[in-house]
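Colleague: One structure is given below, represented as structure tokens, and several questions about it will come after.
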Amino acid sequence: MRKIRRFLRQITYDVLGHFSSDDGWAFASHIALSGLMALFPFLIFATSLASFLGTKEFAETAVHVIFDMWPSNIAAPIANEVTNVLTVQRSGLLTLSVIAAAYFASNGVEALRIALNRAYRVTDQRSIIFCRLQSLGFVLVGTLSLMAISFLLVLAPLAVRIAEQWFPDIAPFTGTIAFWRYSVAVAVLVLALFMVHIWLPAGRRSLGDILPGILITLVAWLAAATAFAKYLETFATYVTTYAGLASIMVAIVFLYMLSAIFIIGAEINAAIMNFRKREQQPDLVLE
């Protein structure tokens with residue numbers, strides 16, 4: 001019991017101390033703003049690629065995949081604007097604007113990389129070109145993943161109707177399709193967290209090294225999103241404070257909160273890794 005208390009105390013001091021001293025709050029705001037600014041270029045690039053490949057229903061389903069897990073009063077204004085942007089016709093895949101959109105979308109990935117390097121206490125020795133190409137690769141993988149999910153979400157209702165014709169008894173259970181829709185979105189989120197923790201920051205970490213922080217991140221995200229949505233319904237006066245900018249300010253505050261939790265998750269992983277090293281080598285001096 002004493003060892004558990006010592007473990008929790010050291011991890012807590014390490015996480016909070018390093019998060020505060022290494023500008024964790026500043027990096028959280030950097031991720032939030034960069035992520036929001038990268039969202040539109042990413043979806044513009046993804047929609048252009050999807051249209052080029054013949055996936056016509058991408059815009060609507062992509063908006064659902066990204067925003068369905070957000071509290072509705074936060075997601076609705078942004079989702080509407082995203083839909084308006086994505087329905088604008090563009091001339092082709094390889095236009096300068098679409099290429100620029102892919103580049104600016106990768107800035108959001110770079111923001112995550114910088115924050116993770118700080119949280120894991122590592123210095124990135126990889127070249128700028130490699131890092132940028134890796135970020136563009138994440139954008140492309142994210143695009144292709146959204147396209148695959150969009151295809152499945154479009155195909156699922158058709159498959160359900162065919163199944164109901166052949167097996168009428170399953171009709172009462174088709175409501176679980178919504179459950180699977182959310183399950184797919186959660187699975188994509190979890191996979192994305194594993195990918196960014198493993199490959200974005202410098203150095204190498206095992207699945208066991210990153211699992212605690214990812215689990216805590218997911219639980220804290222759920223709790224924070226629920227609490228923030230309840231706060232907006234009950235107490236918030238953003239409209240009287242920010243007028244027409246209220247919806248965008250709510251989104252920034254929400255993303256800022258999620259970004260801080262994301263960084264703390266990485267800090268927890270780093271603190272646990274350092275604790276293990278100190279247990280194995282008591283004389284070892286760590287950051």
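Cβ atoms are placed via backbone N, Cα and C, with glycine included.
Below are the features I grabbed from TrEMBL:
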- 31-53: transmembrane segment (TRANSMEM)
- 93-116: transmembrane segment (TRANSMEM)
- 136-159: transmembrane segment (TRANSMEM)
- 179-200: transmembrane segment (TRANSMEM)
- 212-232: transmembrane segment (TRANSMEM)
- 244-268: transmembrane segment (TRANSMEM)
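Could you give the neighbours, burial and distances for every feature on this list?
Modeller: Long-range contacts of the transmembrane segment (31-53) within the same chain: residues 59, 62, 66, 78, 82, 85-86, 90, 92-93, 95, 97-98, 100-112, 115, 139, 142-143, 146-147, 150, 248, 251-252, 255-256, 258-259, 262-263, each at least 6 residues beyond the stretch ends and with a Cβ under 8 Å from a Cβ of the stretch.
The list of residues near the transmembrane segment (179-200) in space but at least 6 beyond its ends in sequence, with Cβ under 8 angstroms from a Cβ of it, reads 64-65, 68-69, 109, 112-113, 116, 134, 138, 142, 145, 149, 152-153, 156, 207, 210, 213-214, 217-218, 266, 269.
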Colleague: Against which stretches of its own chain does the transmembrane segment (212-232) lie, if we need a Cβ under 8 Å and a gap of at least six residues from its ends?
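Modeller: Residues 69-74, 189-190, 193-194, 197, 238, 250, 253-254, 257-258, 261-262, 264-269, 272.
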